[in-house]
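> Grabbed the feature section from TrEMBL, which reads as follows:
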type     : residues : note
SIGNAL   : 1-19     : signal peptide
TRANSMEM : 58-77    : transmembrane segment
TRANSMEM : 89-111   : transmembrane segment
DOMAIN   : 94-146   : domain 'G-protein coupled receptors family 3 profile'
TRANSMEM : 123-143  : transmembrane segment
TRANSMEM : 155-176  : transmembrane segment
TRANSMEM : 196-218  : transmembrane segment
TRANSMEM : 230-252  : transmembrane segment
TRANSMEM : 267-285  : transmembrane segment
REGION   : 338-362  : region 'Disordered'
Amino acid sequence: MAFFPVLLLLLSVLHRGSSQDPDEDSLAVPRGCGWGLVRPYTLLCDLDSVWGVAVESAAASGALAAILLGLIILCRLHHVSEAEKRSGVGPILLLLLGILGLFGLSFAYLIERDEQLCLLRRALWGLLFALCFSCLLVQGVRLRRLGRERRSPGGCALTGLALGLSAVQGIIAAEWLLLTVLREGRAACQYLPLDFSLACSYVLALLLAALGAASFALCGKTRQWRCNAIWLLSACLLSLLLWVAWVGFYLYGNAWLGRSPDWDDPALAIALVAQGWLLLLFHAVPEAHSCLCSPPQPSAPDYFDTSQAPSRMRETSFDEDIPLSHRQFPENQSYGFDENTAGLRSAGNHNGNTAPRPSAPFRSNVYQPTEMTMILNGGAVPSAPPTYTGRQLW
């Protein structure tokens, strides 16, 4: 409901133009239209009707921003190497196309009505919104898949799904026009606001589905894509608030203020421009930045940093590259001693020397394998290495 003050502020100047005499309006040139623009294009330059110039400026700048963003994505597409990020490029480009259509359609509400223009409005209104909300829905499905399975469907599949979902609204709009214009013979500009809103029921269903998909995307296991899901959820929530605002104003606000025929076109034009900027700022730009940003480069390990895990030090160990048969088995220093000491002890025992027996570390120079050596050898006691000659103390 926060959009009602904005709508009232932008539409309040319409009363100034409508309060004048119609004969004077048909003869006088609007202030600001000095370039030869005549009716029905006077709203594009009439400075007395500020809402037309404001909508025109916002729509033109938004269309330019959408085109520039699309060109940036296409130019930097070859730098995107990760499959998870490339899968989101197709829906983003399709969304930018839909946003560009929203901005372009707003100019149709700045021109006075005729039969062809009313047909164009009724045919493209729901179709363009359905295209944008279908892109939001497939992005939610993509982020949900990435959060749970860490892989995403292909970009072509997501783009095709979005086009298929938006084509349903095109069929609904075509059926509505055939029933009201061709079969019943009504004028294209004669329709009730309630009929126009009911024709967009499928669009609202797509928006609610996108909101649910974005909510489920936040429940993924990985946190890498949670920021994208938050931006998507924000875009869906703000779009839902905008739709509640413009539908409520279009159905009840105009009638309550007594401006139902006059303020219908300004309300719809402002809704188009607001929706385009909302999708551009809250979804297209953050998603494009996420897809185009380069992955973080792994930093080189600092072997002098004692705060790092000891597993990093194993990266410099070259013993794993040496076969087991060529490794030098270290002697057990707890039980090894030199041959001279062993010879003296043996001579003393043969000569009847009753000196106390040496301690355990001076038993013999027999090769004593360590526990690690036995484990590496499969449990069996290995033989002494060919280079083993006993420990020399001098």
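Cβ coordinates come from backbone N, Cα and C, glycine included.
Keep in mind that TrEMBL annotations are predicted by a computer and have not been checked by a curator.
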> Which stretch from 58-77, 89-111, 123-143, 230-252, 267-285 shares the most C-beta pairs under 8 Å with the transmembrane segment (196-218)?
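So the stretch in question is 123-143.
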> Between the transmembrane segment (267-285) and the transmembrane segment (58-77), are there three or more C-beta pairs closer than 8 Å, counting only pairs 6 or more apart along the chain?
yes
> Mean pLDDT for the domain 'G-protein coupled receptors family 3 profile' (94-146), as a whole number?
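In the predicted model, the domain 'G-protein coupled receptors family 3 profile' (94-146) has a mean pLDDT of 93.
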> Within the domain 'G-protein coupled receptors family 3 profile' (94-146), how many residues are helix, strand or coil going by DSSP?
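Here the numbers are 49 helix, 0 strand, 4 coil.
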